[in-house]
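Record features (TrEMBL):
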SIGNAL    1-26  signal peptide
DOMAIN    78-158  domain 'Cadherin'
DOMAIN    159-267  domain 'Cadherin'
DOMAIN    268-382  domain 'Cadherin'
DOMAIN    383-487  domain 'Cadherin'
DOMAIN    487-604  domain 'Cadherin'
TRANSMEM  614-635  transmembrane segment
REGION    687-706  region 'Disordered'
COMPBIAS  688-700  compositional bias 'Gly residues'
Amino acid sequence: MAKGLRGFLWTMLLLFCALQELGSWAMHTAVEGPGLGEPGDPALLAGGRVKRGWVWNQFFVVEEYTGTEPLYVGKIHSDSDEGDGSIKYTISGEGAGTIFLIDEITGDIHATERLDREQKTFYTLRAQARDRQTDQLLEPESEFIIKVQDINDSEPRFLEGPYIGSVAELSPIGTSVMQVMASDADDPTYGSSARVVYSVLEGEQHFTVDSKTGVIRTAVADLDRETQDRYEVVIRATDMAGQLGGLSGSTTVTIVVTDVNDNPPRFPQKMYQFSIVETAPVGTAIGRVKAEDSDVGENTDMTYQVKDEEGVEMFKVTTDSNTQEAVITVQKPLDYESKKVHTVVVEALNKFVDPRFVDLGTFRDQTIVRVSVLDVDEPPEFRPPSNLMEVQEDAHVGSVVGVVTALDPDTANHPVRYAIDRSTDAERIFDIDAKTGAIVTGKVLDRETAGWHNITVLAMEADNHSQVSRASLRIRILDVNDNPPELATPYEAAVCEDAKPGQLIQTISVVDRDEPQSGHRFYFTLAPEATNNHHFSLLDIQDNTAAVHTQRVGFNRQEQDVYLLPILVVDSGPPALSSTGTLTIRVCGCDSNGAIQSCNSTAYVVSATLSPGALIALLVCVLILVVLVLLILTLKRHHKSHLTSEDDEDMRDNVIKYNDEGGGEQDTEAYDMSALRSLYDFSEIKAGDGGGGPGEGGPGRNPASELHALPQWVQSPDLDFSVFRDYICRKVEQADEDLSVPPYDSFQTYAFEGSDSPVPSLSSINTWSSGSEQDFSYLGGWGPRFRQLAALYAGRRGEEDSEES
């Protein structure tokens with residue numbers, strides 16, 4: 001059917017072109033120049049020829065020609081052509097020689113290729129007429145156009161797809177959704193090939209489309225997003241204004257139904273049940289409930305509230321913005337003993353209500369939340385919760401300050417015991433009766449030392465001390481008048497020698513550690529011992545101060561330079577307490593203006609600052625003192641190190657050996673005293689194996705031949721032996737105190753005994769009796785200092801006994 005329609009269209013088109021060509025044979029245009037319709041070319045008119053011109057029709061070629069023979073386009077002809085073949089026609093330009101061919105003799109133009117107007121609508125060419133013999137131009141070259149004539153060969157197309165539109169649910173009929181537009185590549189100026197009309201192929205039950213503009217509109221008013229939130233509508237575009245034979249194209253339009261707040265919130269259940277312990281702190285979450293809403297987006301945003309009075313007082317409802325849940329929390333402490341079950345009415349309502357749908361009903365819903373309170377063993381509670389007590393500071397030890405009361409809130413009502421947290425009363429100033437809760441004083445109170453005491457009282461169940469409650473108690477110590485008033489400072493005043501009677505010399509005030517509720521009131525008088533005073537007077541100013549004035553003319557500091565004025569101060573009580581203070585008044589010399597110059601031969605006014613020179617001098621003196629101290633410390637340390645090196649010298653290097661006793665104390669010529677004083681200058685005299693006495697060496701042996709005799713000397717009454725005595729004592733103390741040093745087999749002897757020595761000489765050099773005749777066992781009883789010597793002599797005696805045996 002399509003091929004038959006296309007052939008019919010070709011036949012009609014060819015017939016139209018033929019009629020158009022026959023009707024235009026009479027159109028002639030005079031050639032007057034290089035171009036068609038322009039002045040003549042001088043080269044052509046030089047021979048005096050008659051003006052000639054081109055003769056042709058307007059050229060058209062039908063697109064999409066499918067015939068086997070070349071398609072005739074038209075004919076170019078010169079009015080000078082006599083038909084004898086002497087003129088040769090040629091063309092040049094777009095498609096010349098390829099798409100378009102010309103018969104050189106007749107001037108007929110044919111199209112050899114299939115043309116498409118949608119690709120190229122016209123071709124521009126130039127025509128030439130030449131003499132076949134001379135190849136000269138007979139006519140000026142002229143430009144002509146071959147137009148491609150359109151046929152309806154392109155269907156409408158939706159170039160902007162895919163299309164997605166939206167419309168709110170419950171929109172009225174005729175609400176514009178969106179616009180679609182199809183494009184047709186055919187020539188809109190020729191026929192109806194590009195005239196497009198629109199229609200709905202699918203979805204016409206809910207939507208319509210404007211046939212001319214392509215605007216899609218709603219066809220019903222009950223679009224419900226909750227029922228169907230998306231529609232696929234097929235729109236068709238047909239050219240030829242929808243007439244028979246027109247081409248068409250289609251597209252699918254997706255229409256999304258958007259939400260409006262047309263559904264109220266609804267609780268899935270009409271009652272919810274939760275439980276919570278009675279000790280749950282305020283702010284504890286009990287549970288969550290949620291109302292469902294079929295809408296989406298912000299139309300589901302809702303708020304929750306408590307509707308009943310009881311629930312508002314005990315519980316609080318907040319909205320979780322992320323989950324849109326109602327969070328129920330504790331707003332006041334719960335008490336199982338007071339109420340075991342609470343009923344709360346919770347209401348949910350939309351946050352954003354669309355006034356267009358108010359007639360659909362109330363956009364809110366309610367549910368009941370039942371909260372069960374669970375019983376727990378609670379600690380005692382203090383009643384009433386007063387935390388302030390008062391007591392007089394003169395209260396006796398054991399006086400009752402106040403009574404605290406705590407009760408077990410549980411149904412069992414266990415007995416309560418009381419105690420004081422001693423970390424808050426470390427000095428145990430207060431005690432408490434464990435059973436009654438009576439707080440009594442444990443020590444004497446003094447408001448002036450501590451006017452307030454903060455203690456913590458503990459209340460616990462008698463049979464379960466883990467259930468403890470704490471209460472902070474503030475105890476204020478009330479003041480009593482137990483401190484006498486005193487002068488504010490040890491007042492000292494000065495009076496000029498030429499002072500006149502009635503001259504004010506000092507204003508005095510007092511202090512009192514007490515703080516009476518009515519305020520202080522002090523009274524001033526001269527003490528009884530100052531009743532005979534005729535020099536000064538005291539005036540009570542009635543504002544807790546008093547003024548001292550002179551009573552006589554002039555004072556003489558040569559006669560008396562200091563006056564002591566006793567002043568009696570009494571407070572207002574009760575009871576009234578008093579004290580006596582002394583005002584020291586010095587007589588001073590003054591200048592003519594009354595300025596004090598000196599008191600007691602000492603300048604009364606001293607400059608409070610020092611000059612820069614004085615400060616520098618003071619700093620220099622301090623620096624010198626520091627240097628001297630450092631120097632003294634350095635010298636003492638050096639001297640101490642020298643003595644230490646001498647004391648630490650090994651005793652084995654100071655052994656002095658001798659085999660004769662010397663000449664005795666009467667020998668003063670043979671002994672050099674300087675040798676004994678220079679203890680470290682003794683050189684050890686080496687000898688052979690000499691014995692200690694004549695018994696060992698035989699009578700013929702001379703000890704002097706082996707050892708040099710030690711010098712003998714006689715003690716002089718004016719010699720000082722303290723140096724040697726101190727040295728010996730220091731060595732002995734060092735040996736006795738240092739237990740880590742073993743005793744060396746060495747000893748040091750001296751050629752003198754010292755003054756008033758009760759021990760006779762121990763030397764055996766001058767003893768002519770044999771060693772066996774002497775008993776040295778008594779040396780062991782002289783103490784640890786002679787233990788080595790006793791062992792030495794005891795060993796020698798044992799050797800002699802063995803030799804004799």
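Note: Cβ is positioned from N, Cα and C throughout, glycine not excepted.
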Across the domain 'Cadherin' (268-382), what is the average pLDDT of the model, as a whole number?
90
Within the domain 'Cadherin' (159-267), count helix residues (DSSP H, G, I), strand residues (E, B) and coil residues, in that order.
3 helix, 45 strand, 61 coil
With DSSP helix as H/G/I and strand as E/B, how many residues of the domain 'Cadherin' (383-487) fall in helix, strand and coil?
0 helix, 50 strand, 55 coil
How many of the residues that make up the domain 'Cadherin' (78-158) does DSSP mark as helix, as strand and as coil?
0 helix, 40 strand, 41 coil
Report the DSSP secondary-structure composition of the domain 'Cadherin' (268-382) as helix, strand and coil residue counts.
16 helix, 53 strand, 46 coil
